[in-house]
Amino acid sequence: MELELSLGDSPAPVKATIAPTPVLIPTCMGDEEDLELVLGVRATRRDEQDDQTTCTQSSEEAMEGEEDETRPHGEAPVESLSFPLFVSSAETGSANSEMCTRGFDVNTRPADGGAEAGRPSSPSSMQEASTRQQVADQEAADDEDNGGGGARKKLRLSKEQSSFLEDSFKEHSTLTPKQKSDLANRLNLRPRQVEVWFQNRRARTKLKQTEVDCEHLKRCCERLTRENRRLQREVAELRGTLRTTTSSYPPLYGLHHLPAAAGTVFRVCPSCEHSKVVAAAASESFSPRVFAGGGAPAAITAAAAVPSPGAGSPPSSSAALFGARRPHFGPFAAAVIPPVLRRQPSATS
């Protein structure tokens, strides 16, 4: 059986292989016989270590001779365990021995961090670093486009840029993506900056229009308030005039119960007033002895002879409404009834 051990991650020049050779050695202890397993280790090196082999050959032969003397007869020769690498490093301290001892280290980390920092980074770490840098640049660009986070930077435009943007806003208050990119290229700006400028301009326009509408509504409200007060004063005056009129004249067919409307003026019909005056004069000059003589009263004759003011002109609507249907009271009511209205006795009765 052959066992090969490879210690460390040593580069090219040194490679140590150990080939153990198990050997059974009988030992006599009392009446029992025991078997002892001895591993023989053989160290092989390359041509670069020939100088070390010559230095340690004499020491190996001396050690083998001592073992042969102490070993009982009949035993098989066993190669001694020898580690010439450690011996050479302890005695000579040459550069080759240091390299050999370094080959047995199993992935040991260097003591200082300078060596690790000096080594080139792996491709994965470089890719991660570049990705982080791209993300940071993108976030910075987004913050700048959006106006920044805590400290917002105001966009400074020249007079030419401002005038051109104002003219474009008068033509179109909103922009399509193509128009936005064209404006950005023409004014040497980013499309996001043009879009933000148009948004702010629309907001300012809407705010100004709201202020104008508010002022107009305030003026309208004040004007309506003054008009309402004036109308209330007129209504109060008209109600006072109506009360005065109804107290001076008798009620005319319940017109005093009607509500007073704005701008309405109540007038008394002249023909009705004249008829009332004539009737009063006739009642005052009436006497029973006048009828006894068979003559008509002078007052009535004079009243009949005096033409009414509206005789030469067609009667008005109010005169036709009130004068034609005025009831007649007195002893002369039978004389004015037409004879055709009297009921004649029938011939059959």
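Cβ from N, Cα, C; glycine included.
Database features, via Swiss-Prot:
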REGION    42-186  region 'Disordered'
COMPBIAS  89-99  compositional bias 'Polar residues'
COMPBIAS  121-135  compositional bias 'Polar residues'
DNA_BIND  150-209  DNA-binding region
COMPBIAS  167-183  compositional bias 'Basic and acidic residues'
REGION    208-252  region 'Leucine-zipper'
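Counting residues of the DNA-binding region (150-209) by DSSP class, helix then strand then coil, yields 43 helix, 0 strand, 17 coil.
Sequence-remote contacts of a segment are chain residues at least 6 beyond its ends whose Cβ falls under 8 Å from one of its Cβ atoms, and for the compositional bias 'Basic and acidic residues' (167-183) they are 189, 191, 194-195, 198, 201-202, 205.
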